[in-house]
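Student: So TrEMBL says this about it:
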{"type": "REPEAT", "residues": "9-42", "note": "repeat 'TPR'"}
{"type": "REPEAT", "residues": "77-110", "note": "repeat 'TPR'"}
{"type": "REPEAT", "residues": "194-227", "note": "repeat 'TPR'"}
{"type": "REPEAT", "residues": "312-345", "note": "repeat 'TPR'"}
{"type": "DOMAIN", "residues": "366-434", "note": "domain 'J'"}
{"type": "REGION", "residues": "423-453", "note": "region 'Disordered'"}
Amino acid sequence: AECGVNADVEKHLELGKKLLAAGQLADALSQFHAAVDGDPDNYIAYYRRATVFLAMGKSKAALPDLTKVIELKMDFTAARLQRGHLLLKQGKLDEAEDDFKKVLKSNPSENEEKEAQSQLVKSDEMQRLRSQALDAFESSDFTAAITFLDKILEVCVWDAELRELRAECFIKEGEPRKAISDLKASSKLKNDNTEAFYKISTLYYELGDHELSLSEVRECLKLDQDHKRCFAHYKQVKKLNKLIESAEELIKDGRYADAISKYESVMKTEPGVPEYTVRSKERICHCFSKDEKPVEAIRVCSEVLQVEPDNVNALKDRAEAYLIEEMYDEAIQDYETAQEHNENDQQIREGLEKAQRLLKQSQRRDYYKILGVKRNAKKQEIIKAYRKLALQWHPDNFQNEEEKKKAEKKFIDIAAAKEVLSDPEMRKKFDDGEDPLDAESQQGGGGNPFHRSWNSWQGFNPFSSGGPFRFKFHFN
């Protein structure tokens, strides 16, 4: 029976070896599992399985197998050398040194001896660098500590404690994103590392990334649902996250006033983190701009741009507000600054072209100015303004020939303005920088229908559209 078991083990070992050579790692691993189960004292089975684990990048799983090999066969130098490599990568320098020294004492091959000598030198250097790093950290010389730790972690890549120490140095040096990178590595290297998840979450929170902060603090609570600091932080982040999500939904629905109120609540909820104040103001600036409240938009966007002069979103929103206020030079300047930082943004390019067209247009005839209304005026406001001006400048109101001619010109401009601005299609053309009544700006010509004498307007009733009213003039 014992011979039969050994034969099966040999079969598994041989098949596993062939599969390993063919690169079929998962299948090879299955064979070596079977070999270990068949003969728990077969050091070759453990060694082969450790080799597969290493090939699969599972060094944590390989280490116990290599230790078992050494227990079963003390003079197996290849296994001891391999374990020394893994221990060195984990930063277990004393244990690694012990393995390399024992390799040298156990009649190694020439190559093994050379490798063990080389690794011993490296291990000694790591010991020296670690002492220097710790001294620098204790002296609050975090830049020097980082330099030493950089060199150590090139060799001791799996040392979770040293990564956490470097993360602490990065935090002290004001480089939170680099700290996050080290802490993420540490959370994978060390089991149940709630502290790493907590720190990552708080760092993301301080950077203004509430979504990633929430995701990381949840990982902490998965490991320990009673973790006091994680739970307290989770409640704060969740509350903030809910406010921001709600505000963004309101923006999508065009409910800008309600969204502004939510973002004001965000600033009150987290006044201690400047990033949330800036981001909230950036979104409030956007809401005011979209809600066509240019004065408020310009004020809040300017507050954001004082802190972040290159904030493209605030530049675009302020430029839009400037357009409503007919401050074309300022709008052009904002669009040009935004374009310097994001030259491929189509919205910026289109906005800049529009602002340039409107500037040229403003130097010619401006129908909004003629009627004395804002660019965002509703149709009712346009009709109302038109009626008032048409009544005021009707040529029949004037007896003096010179005044009558002036009134005729004014009246024609008023009629033209009403014609363009009360027609959605013509108004859109005008808003895009094209005068629909200007022959020069119309492709294919066509002449200006309003460029005619007062005689052709005789009998014209300026109040015939926009309502049921009819007016009759009686002039002497």
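The backbone N, Cα and C atoms fix where each Cβ goes, glycine too.
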Student: Could you break down the residues of the repeat 'TPR' (312-345) into DSSP helix, strand and coil, giving a count for each?
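Tutor: Secondary-structure breakdown of the repeat 'TPR' (312-345): 27 helix, 0 strand, 7 coil.
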Student: If you run through the repeat 'TPR' (194-227) with DSSP, how many residues end up as helix, strand and coil?
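Tutor: Tallying H, G and I as helix, E and B as strand, the rest coil: 27 helix, 0 strand, 7 coil.
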Student: List the helix, strand and coil residue totals of the domain 'J' (366-434) as derived from DSSP.
Tutor: 51 helix, 0 strand, 18 coil
